[in-house]
Amino acid sequence: MSDWSALHQLLEKVQPYSTAGGKVWIKVLFIFRILLLGTAIESAWSDEQFEFHCNTQQPGCENVCYDHAFPISHVRLWVLQVIFVSVPILLYLAHVYYVVRQNKKLNKQEEELEAAHFNEASVERHLETIAGEQFKCGSEEQSKVKMRGRLLLTYMASIFFKSVFEMAFLLIQWYIYGFTLSALYICEQSPCPRRVDCFLSRPTEKTIFILFMFVVSVVSFVLDIIELFYVLFKAIKNRMRKAEDEVYCDELPCPSHVSSSTVLTTIDSSEQAVPVELSSVCI
């Protein structure tokens, strides 16, 4: 659990395609969660079961009481939380790489059409088709990526699910443990012969870490909500600006938004019609 380098490298690759809020969220996730989990927190819980003692000699009673007191370790719960909140942003990164790869194919098709020698109007129509595909995917020239179209929807979905997972794990922790640990745990589970007292190791230190991780989770959740509203506001603003620009579409050339699978007809050197299919480039 102490080696998080692979996850950190993947999250670092997301930063160029994220907003300022997304970059801050990644820093908070790595510095205040992953780094702390791999060092101080894991060592603080290393003796969790070994130092859990009950004032009874009944065989099996201590193990049953420990299992009832800690259905899942705090450390393992936080590890699951880190994994779950990281998955949506990694899926967004996969979509970014897909768009970049497909954008290269579109650019290649565009170069081939420009180099072809046939009707100029047909070439212009085909180039507009490619431009429409690039716009829907959120891609631009030279394999650059702009957050728009389906890529923007993927990013907004990743933020939404991150916030859902953050809140879900906060509620799970509150339901199972609360946010403090007491030095004394009273157990009445079978096969204990009577009501027994069990004692936890370093409850104050662990309570401090629990509260710290709670604050970090709340901060991450707030960052997700702020970023979601920011991206939504920018998307609505751009949509309104686009609606205003459509007034001038009669005078200015506007890219055509066509379906993701369009069959084109080109003319080769012998003036024979050749069908060319633009494959779907977005998911």
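Backbone N, Cα and C define each Cβ position, glycine as well.
Annotation source Swiss-Prot lists topological domain 'Cytoplasmic' at 1-23 (among others), citing sequence analysis.
Feature annotation from Swiss-Prot assigns transmembrane segment to 24-41 (among others); the stated evidence is sequence analysis.
Sequence annotations record features per position, and here Swiss-Prot assigns topological domain 'Extracellular' to 42-76 (among others) based on sequence analysis. Residues of the topological domain 'Extracellular' (42-76) grouped by DSSP class, helix first, strand second and coil last, total 15 helix, 2 strand, 18 coil.
For the transmembrane segment (77-99), the residues of the chain that approach it from at least six positions outside its boundaries are 1, 7, 10-11, 13-14, 17-18, 22, 26, 29, 33-34, 37, 41, 137-139, 145, 150-151, 154-155, 157-159, 161-162, 165-166, 169, 172-173, 176, 213, 217, 220, 281-283, judged by C-beta separation under 8 angstroms. Feature annotation from Swiss-Prot assigns transmembrane segment to 77-99 (among others); the stated evidence is sequence analysis.
Annotated topological domain 'Cytoplasmic' per Swiss-Prot: 100-150 (among others), in sequence order.
Taken from Swiss-Prot, the feature transmembrane segment applies to 151-173 (among others).
Sequence annotations record features per position, and here Swiss-Prot assigns topological domain 'Extracellular' to 174-208 (among others). Counting same-chain residues at least six beyond the ends of the topological domain 'Extracellular' (174-208), those with a Cβ under 8 angstroms from any Cβ of the stretch are 44-45, 47-48, 51-56, 58-62, 64-66, 68-72, 74, 77, 214.
Summarising the annotation, Swiss-Prot assigns transmembrane segment to 209-231 (among others).
The topological domain 'Cytoplasmic' annotation in Swiss-Prot covers 232-283 (among others) and is backed by sequence analysis.
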Surrounding residues of the transmembrane segment (24-41) on its own chain - C-beta under 8 Å, 6+ positions past either end: 1-4, 7-8, 11-12, 14-15, 18, 74-75, 78-79, 82, 85-86, 89, 162, 209, 212-213, 216, 219-220, 223-224, 227
